[in-house]
Amino acid sequence: MGVQENGNGLVGGKNKYKRMESDVLEEDTVLSSNHQDQEGVYVEKRDTRIYLLACAIFASLNSVLLGYDVGVMSGAILFIKEDLKISEVQEEVLVGILSIVSLLGSLAGGKMSDAIGRKWTIAFATLVFQSGAAIMTLAPSFTVLMSGRILAGVGIGFGVMIAPVYIAEISPSAVRGSLTSFPEIFINLGILLGYISNYAFSGLPVHINWRVMLGIGILPSIFMGVALFVIPESPRWLVGQNRIEEARTVLSKTNDSEKEAEERLAEIQLAADLANSEKHEAKAVWQELLKPSPAVRKMLITGCGIQCFQQITGIDATVYYSPTIFKDAGIKSETHLLAATVAVGFTKTIFYLNSYISHRQRGSKTFALHKHHWNDCQLAFSEPYTIFHE
């Protein structure tokens, strides 16, 4: 009997051990499944961020066009003046007309983006700039050159206006601030590329070099044309057109989870319904700007004030006329002139990237302060450089 009991006990013990082993295996399976799920979520989030980054970069290529045009014209104007025999007044009009025309393009871009969509407004901006750049490259006279520059200015105005709007509308709130800074970064990169182009092609014959400099500006717009097959339409515009399923598809690609995509879609639909119910016409918007509420007034003062004091420093004039400033300061060689502008471009770009990193770490206010400090540094950079060469 005792042996039998011991035997039963042993058998029961074996069953117990078998159950424990089964529990351990089951727990390992669950942990392994959870680990795989976590890896899948991580990969999905990484792919989403890469896709968002690609969309922001492609949308910002139009900002490269503005920066490149500003940078390249500063050096190309030296050779245009010599080749086409234009006067100083014509030189000033040629350089300054871009700002006026791009302003008009920006004002018209809002209406067009509401009518045909953000993505195709970017496409239109690219096409118009390509046409203008091609005309400038082949221009036989000042009149034709001006017509090409006006076209290019319109394209730049459309592109610079729509890029931050598009990026803000496709980006989740967690990364929206960082991604909407891309157009400004790409403007500075474009200025640097324009300076480098001036230096690289300055050795060509005078009737060819400035045409090549201006023609190179077509390349970013070609990349932009290719990018149109990659980037999606703005989900906010799609909702406004009652294309809800298409908007849901875009949001599923730009958000980390389906839940976030649905929450974002609900927010956009609520905002669209509110806009439709209040009938936000252009006249109402302008009335809100001219007679703002206290909250809107504070935002207007802040936004317009920052932009005003940024431009009042004269930094754009310094960028446009860097070679002329260095020439008047005593640098005679055209190679040295354009090399000096490349140094200015590198300084501007590096300091701006430093400010961008500060923006991500410390916030937008610190970013704005750093940006103005770096503008001051750039303005001061030319003085020791020219003294050294004298």
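Placed from the backbone N, Cα and C atoms, the Cβ positions cover glycine too.
TrEMBL does not curate its annotations; it predicts them automatically.
The annotation coiled coil is assigned in TrEMBL to 244-278.
The domain 'Major facilitator superfamily (MFS) profile' annotation in TrEMBL covers 55-390.
Among residues of the same chain six or more beyond the transmembrane segment (50-80), those with a C-beta under 8 A of the stretch's C-beta atoms are 86, 91, 94-95, 98, 102, 122, 125-126, 129, 145, 152, 155-156, 158-160, 162-163, 166-167, 170-172, 175, 179, 182-195, 197-199, 202, 206, 209-210, 213-214, 216-217, 220-221, 223-224, 227, 230-232, 253-254, 316, 319-324, 334, 337-338, 341, 345. Summarising the annotation, TrEMBL assigns transmembrane segment to 50-80 (among others).
According to TrEMBL, the transmembrane segment annotation covers 92-110 (among others). Residues of the same chain lying 6 or more positions beyond the ends of the transmembrane segment (92-110) and with a Cβ under 8 Å from any Cβ of it are 66, 69-70, 73, 77, 80, 86, 121, 125, 142, 145-146, 149-150, 152-158, 160-162, 316, 320-321.
Look at TrEMBL and you will find 122-142 (among others) tagged as transmembrane segment.
Annotation source TrEMBL lists transmembrane segment at 148-167 (among others).
Annotation source TrEMBL lists transmembrane segment at 179-196 (among others).
Residues or ranges marked as transmembrane segment by TrEMBL: 208-231 (among others). Sequence-distant contacts of the transmembrane segment (208-231) (same chain, at least 6 residues past either end, Cβ-Cβ under 8 Å): 54-55, 58-59, 61-62, 64-65, 68-69, 72-73, 75-76, 79-80, 83, 119, 122-123, 126, 129-130, 133-134, 136-138, 152, 190, 194, 197-198, 201-202.
Mean pLDDT of the predicted structure over the coiled coil (244-278): 84. Counting residues 6+ beyond its ends, the transmembrane segment (148-167) has Cβ neighbours under 8 Å at 55-56, 59-60, 62-63, 65-66, 69, 94, 97-110, 112-113, 118-119, 121-122, 124-137, 139, 176, 179-180, 182-183, 187, 217, 234 in the same chain. Within its own chain, the transmembrane segment (179-196) is flanked in space by residues 52-53, 56-57, 59-75, 160, 163-164, 167-168, 171, 213, 217, 220, 319, 322, 338, 341-342, 344-346, 348-349, 352-353, 356, 359, 367, which lie at least six positions past its ends and keep a Cβ under 8 Å from the stretch.
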